[in-house]
Amino acid sequence: MADKELKFLVVDDFSTMRRIVRNLLKELGFNNVEEAEDGVDALNKLQAGGFGFVISDWNMPNMDGLELLKTIRADAGMASMPVLMVTAEAKKENIIAAAQAGASGYVVKPFTAATLEEKLGKIFEKLGM
């Protein structure tokens, strides 16, 4: 598993969901976690630097998760940062759109700690983290 000091940004407009993901990450040994409530908030934090991984919801106000993902992939400084989409959008076309936009992984809500751990593990393995 990756460096436990890796800094995560959890992006979701629903504070309860952010807390759930934060707690699951903590269970996996990742305590360096910050939160953002939408894509605009997330971008401001990401541009300030220091993050190594983004876990983002899809449906959010101001800037949705797919737009955030595309913006991250278009930014030279952040383009290689892993982005895991965690969303209620289970439709095949959503999963394809996220993959085409460069998502590192995709988890459909609701999910278990084991599912999150498995997805993170696959991303870390693929990136050699």
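Every residue gets a Cβ built from N, Cα and C, even glycine.
What Swiss-Prot says about this one:
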type    : residues           : note
DOMAIN  : 7-124              : domain 'Response regulatory'
BINDING : D12, D13, D57, N59 : Mg(2+) binding site
MOD_RES : D57                : 4-aspartylphosphate
MOD_RES : K92                : N6-acetyllysine
MOD_RES : K109               : N6-acetyllysine
Return the residues near D57 (Mg(2+) binding site) by Cβ distance under 8 Å, restricted to its own chain and a separation of at least 6 in sequence.
V11, D12, D13, F14, M17, G65, M85, V86, T87
Mean pLDDT, the domain 'Response regulatory' (7-124)?
95
Could you give me three numbers for the domain 'Response regulatory' (7-124), the DSSP helix, strand and coil residue counts?
55 helix, 21 strand, 42 coil
Additional residues around Mg(2+), ordered along the sequence, whose Cβ is within 8 Å of the centroid of D12, D13, D57, N59:
V11, F14, M17, D38, S56, W58, M60, D64, G65, T87
Rounded to a whole number, how many Å is the Cα of N59 (Mg(2+) binding site) away from the Cα of K109 (N6-acetyllysine)?
12
Using all protein chains shown, find which of the modified residues K92, K109 scores highest when you count other CB atoms within 10 A of its CB.
K109
Using the structure shown, find which entry in D12, D13, N59 (the binding-site residues) has the sparsest Cβ neighbourhood within 10 Å.
N59
